[in-house]
Structure formats: C-alpha cells, structure tokens
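These notes are about the structure you will find just below.
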C-alpha cells in the first residue's frame, strides 16, 4: 500500500519492518520534525531541561491503523532544544528500532534511544495512545512532595480540568502517583500497574521526578500536558496560600485535612458507617429523591416534550449525536425483539418522518423504564431546558441536604451513581428546593460506567476513586440487585427504605435506613 501523496511503499502486515523508501517518506519526515519542534517548545516551558524528559509520537499515516503505525522517539541525553529531525529514532509498532541516528562528533554523546522507551510502549500498547510526553517540569515534581505517602493526586472545581479527557469542571481529577527508581526503565512495571488500575487516567506522576502524559494524538497529548502542568502549579500555589484544592469550595486547607484523623486505620468501634468510609456513593431514585418525583414529574416531562425538543434542535450537533445514539440502540432493540421498538427511516425520508419514529421509540423506552445511555442522554438534554425555564425543580428528601453538608464538612467525599445521565444528575442537585447542593458533591457516575446491577461497574468506580480498597466506599441504594452487585465488589452497602420503594426480599442481610440521619 502507498502512503498518501508520496507514492512510497508503506510497511505491511504487522509493520515489524518498513521499506527504506517509507522511512524516508513524508509521514515519517513530518513526525521527526514534529518531535524536534515539540522538544524545543517544551524546553522553553522548562519541561525538558538538562536533557531530561522525552517525547514520542506515532507517524500520522491514515492508510495505516493507529496500532500499527511507526513510532518516532527522541534520543536520550541530548540537549532537547538543539535536536533536529535526524536525531530521532524510528521504531516499529512493537518497539523494534528501524532507524537510528548517526553519531555526532565530540563533545556529543553517542546516540542512545530514550530510557523512557519501555514506559512509552506501555502507553501505546495498553491505551492505544498516539503520542506520549514525559516531562520533568518542576511543578510535576513538587506536587508529589506535598503528601509524601499519597498514592494519587486529586483536585476538583478548576476550569482547566475540562482540558483533561473525560473530565468536566465539577469532576474530580485523580492522577496516580508511583515511586521513583534510580533508573527509568525500572519504572515500567509500576507504570503498567497504574495504567491498569486507573482506566480513566491519561497521566501518571512519578514522585520526585516528573509526569507521563498520553493522548490519542500529539495535539491531545500536548493539550493535556499543558493542562496538567497548569493545574499542578495552581495546586502548589493554593497550598502555599493555605487553600484546599481537593474540595469544591476550596476552603482553608487545615479544616479540610481533618479527614486524615477520620480516615485513620485505628477507627474506633461503634463509629457510623460514613465516618469509617473515605467516600460515599449515593443512588438517586428512592434514595436521595422520591420515586414519585422521577416517575410522576421527570419522566412525563421528557415524554411530553420529546417531540418539541427534537423539532427545535434537530439540526444542532448535540441532537444529531443523540439521534445517532438512539438509532444504534433501536437497531439493537429490533434485532432482540424488544417490544415497542420501530424502525427509524433514513434522513432522506424527511425530518418529520424521522422525528415521528424517534418519538414512538422514546415513549416506549420511557414506559418500559429502560436504563440505556442513549435514552438517558436525550432525557438529560430535555430536562436541561425544563430547569432553565424553571418548569422543573429538583426534589430531595429533607434529611439529604443536612447529611451532604455534614459529610462535606468532615472531609468525606460524596459521589452520585444513577442511571440518569451525569448532566441530569447535575441539573437535579443544582436546582433543588433546598438550593444548589452540587457544592457538596465531588463527582457523578452514570450508565457509561456500566450497568448498576453488574459488579464490574462498582469495581470500575472503586478504581476511579482510587481508594486503598473498595471497603472504604459506602454505597446507599434502594435496589436490592444494585446492593448485591456493590457488595460483591467489596463495597460497604446500606439499603434505603423510602416511601414508594419496592419491597426487599426476606433475609436479605443488608443494613437498612429510613433517613440519612441514621448513617
């Protein structure tokens, strides 16, 4: 196969080898030039001074799958600001060196591939990365010293968190920390373990050393690296000012650090469940909020306004994505013989026909209370309009705001896990009859994490929260099957008994409460 525009032969098969023509071709040349340019740029930022740090990118050749593309890496022990394209190493997708630089006269050192190579390969192989950056920026080093025993660095409610893949302003950003070693290659196993343990992470900090950041392209990796450096620098400055960066309101540091005494391993017997937990994860329907509010207010509002919403927003990018997701779900429902599913005609049939079929499907999904991401996403967008127009107001049980405030004051982090979309969760808690309760919440999980009745979903949450063990998480729900799944994942579990909740099986062995005041 030939690469775009240059007519030279691209590497074939597993790309373990590549022709000389391809190695001299335009895609490889551009990748070499890009790495040299990035090294100069990052040197000016103070990230790769003293020959430290390194950069690697996949060769941009659309004719080759990303996993099979050649890799360009900067060399080791070289003045990064003086590098030229010819200084780079070119490797096959499996890490085999295909092209090495020619030795330069004294006082230059003999060429040597970066010591980061085995760590870079882990990001390529385990995360499907398109580029990886290793920085020695001072902020990445100092941040790991603020709490010498910490296994991770956490922050929330900072605008630049939005620049990290999969995160929003109100989300908690968790960066795993691994311990430094005398030689870079000795970090390979611990980096690999961190990547596996934190599936949503796009960076790993190395204590007293630096940071590894990866992305699906060099632009994504560079953007995230800049955001990580900004955020870590901001946290250091906040530390110097005595301000806590780990809580939504960023209050005085000392009051927030009361958490350390609460979370001491020597927790006295008889303490409440929440005080023995690092985190509390709450269900919504039947736990924080009456089932009747969801079934009698929220669902009918979405059902009654779906047609109006689709008509008024049909050409928006957001609604196009909603329709695309619904089409995929409906096709799956039709294959599985789900009652109420009807075919959606192609766009060529016209806007009205498409909307009519979508409305019929959505109404059927709502009636069946299907817990599917495409429906919940659309409902969230419809509810957003309702909250903006003050046609909707979130309802929670009267004991909920008090409990959230007390847990927050004690330094216990509270999260929401609901089948409703994360946007819908934020809307509900941001517009309650008790005011905006989002300041007491650290994050949100929905069905993109997994089905609430599957144990693996709770394992995923425990990995995202970065606790030492799942037993440090208290999960409160009204659904027996969810409680069982969470218990099987190692969570501490309490079942909420509220008006309108479904009856529980006899001899279920779970602790139950009728109010959060009992926790």
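Backbone N, Cα and C atoms are what each Cβ position is placed from, and that goes for glycine too.
Residues or ranges marked as active site, proton donor/acceptor by TrEMBL: 159. Look at TrEMBL and you will find 116 tagged as substrate 1 binding site. The Zn(2+) binding site feature in TrEMBL is assigned to 134, 136, 209. The annotation Mg(2+) binding site is assigned in TrEMBL to 283, 285, 478. Residues or ranges marked as substrate 2 binding site in TrEMBL: 418, 419, 452. Taken from TrEMBL, the feature domain 'Class II aldolase/adducin N-terminal' applies to 33-236. For 1-244, the entry in TrEMBL reads region 'Methylthioribulose-1-phosphate dehydratase'. Marked as region 'Enolase-phosphatase E1' by TrEMBL: 280-519.
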Round to a whole number and give the Cα-to-Cα distance in Å for the pair residue 209 (Zn(2+) binding site) and residue 452 (substrate 2 binding site). 39
Excluding 283, 285, 478, which residues of the same chain place their Cβ within 8 Å of the centroid of the Cβ atoms of the recorded Mg(2+) site? 284, 286, 287, 288, 289, 291, 418, 477, 479, 482, 496, 501
Residue 418 (substrate 2 binding site) to residue 283 (Mg(2+) binding site) - Cα separation in whole Å: 5
Out of 136, 283, 452, 478, which of these binding-site residues is nearest residue 159 (active site, proton donor/acceptor) by C-alpha distance? 136
Cα nearest residue 419 (substrate 2 binding site) among binding-site residues (116, 134, 285, 478) -> 285
Neighbours of the Zn(2+) site 134, 136, 209: Cβ within 8 Å of the Cβ centroid, same chain, sequence order. 52, 53, 135, 137, 140, 141, 206, 210, 211, 212
Using the Cβ centroid of 418, 419, 452 as the reference point for the substrate 2 site, which residues of the same chain not in that list have Cβ within 8 Å? 283, 284, 285, 371, 417, 420, 446, 447, 482
Which binding-site residues sit within 10 Å of residue 134 (Zn(2+) binding site) - Cα, from 283, 285, 452, 478: none
Cα separation, residue 452 (substrate 2 binding site) to residue 285 (Mg(2+) binding site) (Å, whole number): 13
Which ones in the same chain are close to residue 283 (Mg(2+) binding site), with CB under 8 Å and 6+ residues apart in sequence? 416, 417, 418, 452, 475, 476, 477, 478, 479, 482, 496
Between residue 136 (Zn(2+) binding site) and residue 116 (substrate 1 binding site), what is the CA-CA distance rounded to a whole number of Å? 12
Residue 116 (substrate 1 binding site) has its Cβ surrounded, within 10 angstroms, by a count of other Cβ atoms equal to 26
Rank the binding-site residues 134, 136, 209, 452 by the number of other Cβ atoms within 10 Å of each Cβ and report the first-ranked residue. 134
Within 10 A of the CB of the residue listed as 'active site, proton donor/acceptor', the number of other CB atoms across every chain shown is 11
